[in-house]
Each structure stands twice: as C-alpha cells, then as structure tokens.
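Per Swiss-Prot, these features apply:
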- 14-272: domain 'Protein kinase' (DOMAIN)
- L20, G21, K22, G23, A24, F25, S26, V27, V28, K43: ATP binding site (BINDING)
- D136: active site, proton acceptor (ACT_SITE)
- 283-292: region 'Autoinhibitory domain' (REGION)
- T287: phosphothreonine (MOD_RES)
- 294-316: region 'Calmodulin-binding' (REGION)
- T306: phosphothreonine (MOD_RES)
- T307: phosphothreonine (MOD_RES)
- S311: phosphoserine (MOD_RES)
- S321: phosphoserine (MOD_RES)
- S325: phosphoserine (MOD_RES)
- S329: phosphoserine (MOD_RES)
- 344-389: region 'Disordered' (REGION)
- S355: phosphoserine (MOD_RES)
- S453: phosphoserine (MOD_RES)
Amino acid sequence: MATTATCTRFTDDYQLFEELGKGAFSVVRRCVKKTSTQEYAAKIINTKKLSARDHQKLEREARICRLLKHPNIVRLHDSISEEGFHYLVFDLVTGGELFEDIVAREYYSEADASHCIHQILESVNHIHQHDIVHRDLKPENLLLASKCKGAAVKLADFGLAIEVQGEQQAWFGFAGTPGYLSPEVLRKDPYGKPVDIWACGVILYILLVGYPPFWDEDQHKLYQQIKAGAYDFPSPEWDTVTPEAKNLINQMLTINPAKRITADQALKHPWVCQRSTVASMMHRQETVECLRKFNARRKLKGAILTTMLVSRNFSVGRQSSAPASPAASAAGLAGQAAKSLLNKKSDGGVKKRKSSSSVHLMEPQTTVVHNATDGIKGSTESCNTTTEDEDLKVRKQEIIKITEQLIEAINNGDFEAYTKICDPGLTSFEPEALGNLVEGMDFHKFYFENLLSKNSKPIHTTILNPHVHVIGEDAACIAYIRLTQYIDGQGRPRTSQSEETRVWHRRDGKWLNVHYHCSGAPAAPLQ
C-alpha cells in the first residue's frame, strides 16, 4: 500500500526562533531562511484544531496575501502546509505599531498625520485595485517596517479580508472592529470597498486629535452614533486643524457609501498630495498626549476582554458567601480600572461622550464559565475584533443571558419573574418528576411556594461551558452543566450538579423557555 509523503519544506528551509505573538489557533515566531539567512515572521496555524470553514478562511487569507505586493503592505513570501500545521511566512516588521511610534516622537504635526494617512491610502488603493476589501482597518493593523526614522507604514492582518467583484456591493457578513465599522455594515446592507474608506476616516480623525469620532461604553449607543454619522469637531482641539483636513474627514465619513470618497480620489485630495503647502506644520502636543491615553485604553481593553473570556459574573438579589474566583477578581479590577480611565475628563476626548452605563465589580452569584467553542475564542490576536460570526455570537450571548436571568429567578424564589421568562405550556423532563413529562407551571409553582421562596440561605450557581445552537431566527437551544452551591439544614456547605438543556422560542421580540430537560441531581437544593 502506497503512503503519501509528508511535506517538510518549512522545517527543511527555515529555522524557528522566539515567539512574537499568539492567537487562539496560531503563534507568530521569528524565523530565518537557512539558505539566505534572511529574517521573516512565520504565522504558524495549528490546522488540527480548525473546522472546515476555518480551513477555507485560511486558504482565502493566503490567496489574498499572495496577490498583494506593495511597499505599504506586509508581504507574504511563502505558504506551506505540513502535517498538522500551516506556515505563512511574512515580512518581519520590527517597528511596532504606528500609533505607539507617534507618541514617542518629539515633534508631530498635521503634516505628519497627512504623511501617515497617505501611506495607508496607498495600501488601501492597492488592495482595492485587486478587488480586495480589508474589513479590519484599525491602529493595531498599522505597523512600521523598522525602528528607523521615516520607516514605511505597513498594513497587516488580512484574516478578515474578502474578494469582491469590482464595485459590486453584497452582504459578506458582519465583520470588523466596533469603533471602525461603517453604517452600511451596521445596517446589514450590501457593502464593498467603501467600508475601508470609512475606517480610514476614523483613523485620520484619531491621528489629528488623539481620540475617536465615535465612542460610547455601550456598544448599542456606539452603533447608533455611527449609523447617524454623529461626530463633530469640538473646540479647542479642532480649532487648530486646517479646513482641508476636516473636509477630507467629512468625505471619508459620508454615511452614503455611494457618495463616499474613494482611495484613489483621497490620494488626490490637496491635504494629502500637497501637504507641504496645505497641512499645518504646528506641533500638536495635546494630540500626542490624548493619543497616549487612547493607546493605553486600547491595550487595557484588550486585556480586560481576554480576562473576561475566562469568567463573567452576574449579580443576583441575595448576598453570597462564595468568594470570587481569581479570574473573576481580575476581571472586576480590570473593569474598575477601565471605568476610571474611560471616565477621566482628560481622557482623549471621551469627555464629549460620557456613557451612563458603568462597569461594576459584581458579587459572584451566577457565574458563567465559557470554553472556547461558542464563537468566543480566547485570542489576544483578535480580542478587539468583531469576528465574521458576530451576528451569531450576539444571539448566542442573548440566549446565555436570558438563561442566567431564569436561574436567578429560581435562586431568588421569584415565581413571578420565572413565569415571565417561561412559556405557560412549558414542558420538562426533570428528576423531581421521576422521569415523567411535565407540562405547565403548576409543578414548578409547588417548589417556588414551599421551598425556594422560604430559602434565605446563600445560593451560588455556576453555569459551565454553555453551548448554544441557534435554530433559525426565533429559536435556540442551550446545553450546560449547572453547579449549585448551598448551605443545608445543618449549616453544612453542599454542591449539587445537573446537566440541563433548555429550548427557547422568541415571540413578539421576547424569548420564552418552551422546553427544559434536566438530568442528575435535583436542581432545587434540598434544605
């Protein structure tokens, strides 16, 4: 029987060195080509962990990167598949992020911002000429070729990039990073190349004053701002910016994508192509200071999101004696730090749009511990990125949240709240019913009236690894392990475990639990 020879071209041709970065399924390491001693950055993807769809995305990224050869784009030099791993060999860019470099400069002017956006537009124009849309233009993906003064800006990370048909618009899914998403993507309209120009407009705005045009702690409010194109040029920081710079921003942040300036047109704008005579040369110290805070906030937000993937905590009415886990404490402390940083008046223009929502350090009454399977990947590589499955992820989070609310109602002995979340004809299989199918609320009402409502002892519930299956627009199923900690009648701590499945149906915009299946120990702790 013939055997297929395993490819070892990467292992044979390249020597690996230190790690440069890490993601959910990939790691980036410095490597050297043995024959030339040339240094590169190798993105190593563990293909054993990839789904069929992930494989398609990987192939698409490699195909797109092979097409693009431009001095302002991180170039792909090689793409090699070996047993269990795929290697993408890129330029080794050593200058770090553009935004981090700016804050280290002694002098930074509007003309410098013009030079930066010029290079970014050159890269965007190149990819658009090849019918590629990046979809994730943001500061994290704008790198410098080296640490030398005047090093080229390079556009990186084509993981969300797509191939389009010329100027044709279509719905390619919800992808990007919240503050840089265009109105048409948020409206779920067909879209194309103009989404990259919108993101360039956001980046240019930040380059000039150090804070973003759209901001709110509440993502829904942020999206409303973007869809309305609700940005302005507040005094005093914008008073020293030339009208030509504001004009270019206005043309980039045009709500109607058909009327938005193109990359080619933007490169011909006087503020870009005649910067020496049009752009101001005045040093912008306040911009540098605001940008420093903006950078700190970006990094902190990434750390918080990564921490919160480990453990999310939700508050219920009763006080619990159960201590917060280390991950929960870290998430809470990070949340407090974020709140402090975000609400400071001096924080890079956020003063203009303070959110009424806030981050609280919560008592751990109902804890949800996710694994990395439900569209929530523990990736520091994309923790600030909305994935292509964002729509699905949001709906899954909605189901997890309503399940938490239902369990909180049970823990609180609140039958009224319970009935508002459950269908009157709720069917259930559960240990308390001795394997019989129960229909309606009366069976559960007995426990609420005679056990749960009389229970004054602390209860702490942990939902482990919730798996959500979305079934069409208005139905979903969630399966999880539920651990319930409680104090028994003798004052001793106890834990019960049950494996639960709930089927949810949305009617008139409201989710109702229509079926419940529980195995293991009774969910209601016996006193």
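Any Cβ shown, glycine's included, is placed from N, Cα and C.
The shown structure was predicted, so the numbers you read here are calculated from the model rather than taken from an experiment.
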Within 10 Å of the Cβ of L20 (ATP binding site), how many other Cβ atoms can be counted across all chains shown?
16
Pairwise CA distance, the residue listed as 'active site, proton acceptor' versus L20 (ATP binding site), rounded so that it is a whole Å:
21
Tell me which of the recorded positions S26, T287 sits in the most Cβ-dense spot, judged by other Cβ atoms within 10 Å.
T287
Under a criterion of Cβ-Cβ distance under 8 Å and sequence separation of at least 6, what residues of the same chain contact V28 (ATP binding site)?
E19, L20, G21, K22, A41, A42, K43, I44
Check the DSSP secondary structure of V28 (ATP binding site), expressed as helix, strand or coil.
strand
Distance check, please: Cα of T287 (phosphothreonine) against Cα of S26 (ATP binding site), rounded to an integer number of angstrom.
35
Can you tell me whether DSSP puts T287 (phosphothreonine) in helix, strand or coil?
helix
To what whole number does the mean pLDDT across the region 'Calmodulin-binding' (294-316) round?
56
Cβ neighbours of K22 (ATP binding site) where a neighbour is any other Cβ within 10 Å:
13
Taking DSSP three-state, what's D136 (active site, proton acceptor) in: helix, strand or coil?
coil
